[in-house]
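Undergrad: As annotated by Swiss-Prot, ATP binding site applies to P84, L85, S86, R87, G88, L89, G90, S91, S92, S93, A94, with the evidence given as sequence analysis.
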Amino acid sequence: MKILVPATSANLGPGFDCLGLSLKLFNETQIQKSGVFSISIGGEGSDNIFLKKNNIFVNIFYEIYEKLSGKKDNFRFIFQNNIPLSRGLGSSSAVIVGAIASAYYMSGFKVEKECILDEALIYENHPDNIAPATLGGFVCSLVEKNKVYSIKKEIDKDLAAVVVIPNLAMSTEQSRQALAKNLSFNDAVFNLSHASFLTACFLEKKYEFLKFASQDKLHEINRMKNLPELFEVQKFALENKALMSTLSGSGSSFFSLAFKDDALALAKKIQTKFKDFRVQYLEFDDNGFEIC
């Protein structure tokens with residue numbers, strides 16, 4: 001079997017831990033039953049020995065597979081990782097979702113996306129990345145009694161993303177330590193209103209309001225202080241036809257959304273100005289993970 005799992009960008013400014021969308025940048029994993037266990041890694045993380053010795057995908061896969069099938073089989077895993085690691089593009093969610101869905105498939109169980117999403121919550125306790133990685137599109141999610149509830153909206157084909165990827169790894173745990181311990185009532189109301197309005201903008205295609213709807217007072221500023229150049233990236237993107245520009249997940253990547261006609265030019269301009277960063281033009285994925 002082969003499974004493709006997309007990269008994701010979460011939070012989208014004010015939608016902390018509840019909003020996310022799916023990008024056409026995929027981790028690809030092939031799994032075959034084998035007489036002996038083996039693992040091969042290409043792309044991102046291919047030079048990381050730890051990923052071979054203690055691979056999270058493999059660990060979760062075997063845990064779920066043995067629980068479902070009652071068997072202890074050996075498998076050959078071939079990874080082609082295209083999602084940058086620890087850059088705020090959902091690399092850990094792609095691993096979790098991919099491992100669970102693969103285990104269900106190889107165990108002979110029906111792969112139901114709602115079931116996969118609830119199972120993924122065991123390994124990642126916020127749904128902002130795992131939901132779009134599973135469902136695709138723009139997704140608003142919440143957790144109620146250990147169950148994920150999500151509403152998905154397909155993203156217009158005339159929109160595209162420009163993702164700026166610094167050479168700075170940043171784990172979610174590390175990034176959360178930078179968050180303020182207390183929040184004022186006014187700032188809480190600010191984020192609630194902006195996250196709600198941002199969601200409505202995607203649902204009703206009111207893209208002209210995204211620039212101010214995507215503002216945040218909860219997490220972005222504190223996280224971006226780890227890499228001050230990101231403030232310049234955001235300002236530059238918004239001055240050059242980005243409809244919105246936000247920290248991607250916990251960082252360090254930065255996500256901008258624009259009309260396709262503007263996005264490619266924006267990517268080139270950002271790459272010219274910020275030569276030390278990797279810049280990618282990406283379209284949006286509306287399917288979530290796919291088993292081939």
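Placed from the backbone N, Cα and C atoms, the Cβ positions cover glycine too.
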Undergrad: Can you name every residue in this chain, apart from P84, L85, S86, R87, G88, L89, G90, S91, S92, S93, A94, with its Cβ inside 8 Å of the center of the Cβ atoms of the recorded ATP site?
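TA: Near the ATP site, the remaining chain residues are A7, I83, G249.
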Undergrad: P84 (ATP binding site) has how many other Cβ neighbours within 10 Å of its own Cβ?
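TA: Excluding its own Cβ, the number within 10 Å is 24.
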Undergrad: Just to be sure I understand the packing, how many Cβ atoms besides its own are within 10 Å of the Cβ of S92 (ATP binding site)?
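TA: 20, counting other Cβ atoms within 10 Å of S92 (ATP binding site).
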Undergrad: Pick out which of the binding-site residues S86, A94 has the most other Cβ atoms within 10 Å of its own Cβ.
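TA: The largest 10 Å Cβ neighbour count belongs to A94.
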Undergrad: Near G90 (ATP binding site), which residues of its chain come within a Cβ-Cβ distance under 8 Å, counting only those 6 or more away in sequence?
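TA: Correct list: P6, A7, T8, S9, A10, G20, I83, N129, P132, A133, G249.
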Undergrad: Taking 10 A as the limit, how many CB atoms besides its own sit near the CB of G88 (ATP binding site)?
TA: 30
